[in-house]
Amino acid sequence: MGSLPEQFVFRSRLPDIAIPDHLPLHDYVFERLADRRDRACLIDGATGETLSFGDVDALSRRVAAGLSSIGVCHGSTVMLLLPNSVEFAVAFLASSRLGAVTTTANPLHTPPEIAKQVAASGATVVVTEPAFVAKVSGLAGVTVVATGGGAERCASFAGLAAADGSALPEVAIDVANDAVALPYSSGTTGLPKGVMLSHRGLVTSVAQLVDGENPNLHLREDDVVLCVLPMFHVYSLHSILLCGMRAGAAIVVMKRFDTVKMLQLVERHGVTIAPLVPPIVVEMAKSDALDRHDLSSIRMVISGAAPMGKELQDIVHAKLPNAVLGQGYGMTEAGPVLSMCMAFAKEPTPVKSGACGTVVRNAELKIVDPDTGLSLPRNQPGEICIRGKQIMKGYLNNPEATEKTIDKDGWLHTGDIGFVDDDDEIFIVDRLKELIKYKGFQVAPAELEAMLIAHAAVADAAVVPMKDDSCGEIPVAFVVARDGSGITDDEIKQYVAKQVVFYKRLHKIFFVDAIPKAPSGKILRKDLRAKLAAGIPAC
C-alpha cells in the first residue's frame, strides 16, 4: 500500500490522555492494587465464590510460577481452551507475567480446528477443562493442564496454583514488540490468522476507554460487570475483563449463556454494566422470565460484535428504562476497539440511533475511497482506517497478509464501509470484507470453500452470508456438483458439520451450474448475494 496525502483525519471529541504504555499489561492492570486490594474482583457466577483484587494478583503470581515450572518462559505460547472461568482470567494474567503469549480458542471447536491453531501458534501448553482434554490429548509436544478435578496424564491447574508466587523468574518484557495475546481472526478475508497484540497495544486500547478525567467508557469501582460473553473472544477479554479490572470494578463470570440464569445473576449481584451482543439481547427480550426479575441496577448496556438495529434498541429501552444503551465498534486487528459511544462517557453527550460511537482517544481515523485510496470528508462513505499504538503488530508468520492490512504509513484498513457525520459519530453501512457474522462469531467463507472443494463430489463452491433475524447472518453455500455424483444437500451439510464448530455449519445449499467469477478467478460474491436477495429457492 502506497503513501497518499491525508487531507481528512478524524480524532476523538475527547482530548488525548497520558497512557502508561511503558508498563507490561499485568502491571498496568494491577497498578492501583494498593487502593483496592480487598475489593471484589472476580465473582464465580455458579458458586458465588469471590476473589478480591489481592487474591487475583497473588493467584496469578502462583500460577505463573507453576507455569514456569513446566517450561513456560518468555516467548512461549500458552493456549487457553476454556469457557468463561476464574481460571481463564488468572491463567491469562499469569502468562503475561512470564512474558509468554496467550492464544485463545473456543473449547467447542473440533479437534482438527484446535490442532491447526496449536500448530500455527506454536503453543506448547494447553489449559483446558477435563471435558475437553480428549480434544488435545494426542498433540505431540504439548503439555495439557486440566482445571477442576484434573484429568489423567495432565498437569493440574490446582498444582500450578500451589507454587511459590515469590519464586517468579525475572523477565525483561519489551512492551512495544512482545505479544501478550494471540487471538485468531480471519481479518478482512481468508483463513484464520494469529493477531499479535502487544503489551503496549493492549494497555493503550484499555486506557483509551477507561483512563483519564473523562473516560469514554466510565466504569466505576462500585460497578458490577456481567461477563457472559466468551473470554476467548477479544471483545470480552478486552472490554470486560481488562477494562473492568483496570477500573476496579467487580466482574461476575458466567460460564455460558443461559437467559434465566443470566437474569438471576443480574438481580442477585446487582449488575450495573451489561456488555452484550444483539443475539443475547433478542433472547432476553423474548424471555418470559424478563419481567420476573429486578434488572433496575443495570445502568449501561454495551452492544458490540454486530450491529444493533433500531427495533432492538427500542425493546431494550422499554425493558431497561434505567439503562443507557450504546454501541462500540471493533476489530481484533485494531486492538480491538476503534470507537465507543459517547453516552458511556463520564461527561456523556447525546448520540444518534445507529451510530457506533466516535473514534477512541490517542488515535486517528480516516475514511478512504476504496478505488483511489484518497481520504474522504464527512458524510461520504468509504473504507474505515485506524492508526495508533493500539493496533496489532501484525499477523503471526504472515507478512504478506500484514502488508495488505496495515499500509506503510501505519493505517490499518478494516474492510468495513462507513462514514463520519458532522458530529464525529461513525456509521457502518457495508462491508468490503467477506466475513460472515453469525451471532457475532466470524465465519470465513474461504475456510468452508476449501472444505467443500475437497469433497470428491463437489466441482466448485462458494459460501456467502444470508440475512437471518435471530443470527444476523448464516453461512450458505452455492455448490457445483460433479456430473453423476448424486450428492444431496444433507450430505454436504453433514460433511461440513463433522469438521467445524457449530457456528460455521452450513444452513442451506444451492446447487448451481457454475460459480460466477471475475476474469481473475475471484468469486463474484455480490452476484450470489443478489440471488439470495431476489429469493432464490433452496435446492
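Cβ from N, Cα, C; glycine included.
Annotated ATP binding site per Swiss-Prot: S185, S186, G187, T188, T189, K193, Q327, G328, T332, D416, R431, K522, in sequence order, evidence recorded as similarity to another entry. The feature (E)-4-coumaroyl-AMP binding site is assigned by Swiss-Prot to Y235, S239, A305, Q327, G328, T332, M340, K433, K437. Residues or ranges marked as CoA binding site in Swiss-Prot (evidence: similarity to another entry): R256, K439, G440. According to Swiss-Prot, the feature region 'SBD1' maps to 258-327, an assignment based on similarity to another entry. Here Swiss-Prot flags 328-395 as region 'SBD2'.
Here the features listed in Swiss-Prot are painted onto the structure.
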| residue | record | CB count, 10 Å |
| --- | --- | --- |
| Y235 | (E)-4-coumaroyl-AMP binding site | 22 |
| R256 | CoA binding site | 14 |
| Q327 | ATP binding site | 27 |
| G328 | (E)-4-coumaroyl-AMP binding site | 24 |
| T332 | ATP binding site | 21 |
| M340 | (E)-4-coumaroyl-AMP binding site | 30 |
| R431 | ATP binding site | 17 |
| K437 | (E)-4-coumaroyl-AMP binding site | 20 |
| K439 | CoA binding site | 19 |
| G440 | CoA binding site | 21 |
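Cα distances from G440 (CoA binding site) to the binding-site residues S185, Y235, Q327, G328, T332 are smallest for Y235.
On the 0 to 100 pLDDT scale, the region 'SBD2' (328-395) averages 95 in the predicted structure. Other C-beta atoms found within 10 angstroms of the C-beta of S185 (ATP binding site) number 19, with every protein chain shown included. When the alpha carbons of K439 (CoA binding site) and Y235 ((E)-4-coumaroyl-AMP binding site) are compared, the span between them is 13 angstrom. The record assigns R256, K439, G440 to the CoA site; their largest pairwise CA distance measures 15 Å. Nearest Cα neighbour of G328 ((E)-4-coumaroyl-AMP binding site) among the listed binding-site residues (S185, R256, R431): R431. Rounded to the nearest whole angstrom, the C-alpha distance between R431 (ATP binding site) and K437 ((E)-4-coumaroyl-AMP binding site) is 11. For the recorded site, G440 (CoA binding site), the DSSP three-state label reads coil. Per Cα geometry, Y235 is the residue among the binding-site residues Y235, M340, K437 nearest to T332 (ATP binding site). In sequence order, L229, P230, F257, V277, P279, I280, F441, Y503 are the residues of the same chain, not among R256, K439, G440, whose CB sits within 8 A of the CB centroid for the CoA site.
With respect to their backbone Cα atoms, Q327 (ATP binding site) and M340 ((E)-4-coumaroyl-AMP binding site) stand 7 Å from each other. The residues of the region 'SBD2' (328-395), classed with DSSP into helix (H, G, I), strand (E, B) and coil, number 6 helix, 22 strand, 40 coil. The DSSP breakdown of the region 'SBD1' (258-327), given as helix, strand and coil counts, is 35 helix, 12 strand, 23 coil. DSSP gives R431 (ATP binding site) a strand state.
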